[in-house]
């Protein structure tokens, strides 16, 4: 039973080897707190997640499962916030809310990131809390949740933009808007300004090629499906299944739009809230991506929460039989995607090579990696002090690879002289033992 759970279900993500970004999390989070703050200002993400992981490691250790479990905790928190939204904002009865919560938990993007040692699950949690507190008028809690979201990931700014859009839209729909709506958003910006000042003074904003590609036509056409699943076209394992899912994600919201005039003011308000939550950050990202590519589904994980809730809210308006068929369709396609993802996108089993080298090497023999993308996984699974990048120019290493944690002294261009030797790791994770004679 355990073997099945950890090999055929999303629990497999829990026990797989770290990939580069997760290893970067582990290495950075073990630095001193002031170093974490300074280094994140020079990198591409705010410091809050790494600070939390820093203390989490002190409590639970730095194994893959230990570090990933923090993301799972935030996934559970997101599920709780979603349940509260359905019960207190949608006014669903508890039994109905529990049923729809099970549907929500099939969201592939959220499930994958629940077991990823990155900050995306934490972003989804604070974004969901922010919307919940905004709608239930818990103003102080709203300020706290939104500010923490901004210190988690910069895409929280787009969540804030979608909330402003919702507030303005509600004003035009003649709903009562309190000055506090704008006042509290202003407070959030005030609390975020100190970090912005430090960021501007520390970060190099020089123009550099980024690894994200400009969205193509297929990205725009299948946007809701990508937002829900987290699928990226470069992986090429789900293209043949996208069309029916995209039809589903277009028909259901259009039905909700069709029902808008026939429904109560409460329905219209929640529909506007959920469409703002789901799509405004995406539209902003697409607009920016015309000049500087930024669209990546996991960056928009907060919108994936909003999209899933929008689908649930509108599906509840369908006749019972059709409602059940739509839920079954969504669960089927979610399960299909998760199974294909488990088969085709399993993380590379990298630690075997590092453990072999550890057994073969003497205490002072270095490990040279030929690809900078292997630097942090090597540091995590081997000895940090003995890891070097081989035959690279420091200036060639892109900033987005975590360059803030790669000192110039970690670049070597010559093998040691025999009898000393070095282990050289290739990009396919095979290795050789080499020396100069």
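Glycine too: its Cβ is placed from the backbone N, Cα and C atoms.
Source: prediction; values computed, not measured.
Here's what TrEMBL has on this protein:
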type	residues	note
DOMAIN	46-197	domain 'Glycosyltransferase RgtA/B/C/D-like'
TRANSMEM	65-85	transmembrane segment
TRANSMEM	97-115	transmembrane segment
TRANSMEM	151-173	transmembrane segment
TRANSMEM	185-205	transmembrane segment
TRANSMEM	241-258	transmembrane segment
TRANSMEM	270-290	transmembrane segment
TRANSMEM	296-315	transmembrane segment
TRANSMEM	320-340	transmembrane segment
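A Cβ distance under 8 Å defines the sequence-distant neighbours of the transmembrane segment (185-205), meaning residues of its chain 6+ beyond its ends; these are 37-38, 41-42, 46, 143, 146-147, 150-151, 160, 163-164, 399. The list of residues near the transmembrane segment (97-115) in space but at least 6 beyond its ends in sequence, with Cβ under 8 angstroms from a Cβ of it, reads 10-11, 13-14, 68, 71-72, 74-75, 78-79, 82-83, 86-87, 90, 121, 124, 227-230, 297-298, 301, 304-305, 308-309, 312, 316, 327, 330-331, 334-335, 337-338, 341. Per-stretch counts of Cβ pairs under 8 Å to the transmembrane segment (296-315) identify 241-258 as the leading one among 65-85, 151-173, 241-258. Summarising model confidence by region, the domain 'Glycosyltransferase RgtA/B/C/D-like' (46-197) averages a pLDDT of 94.
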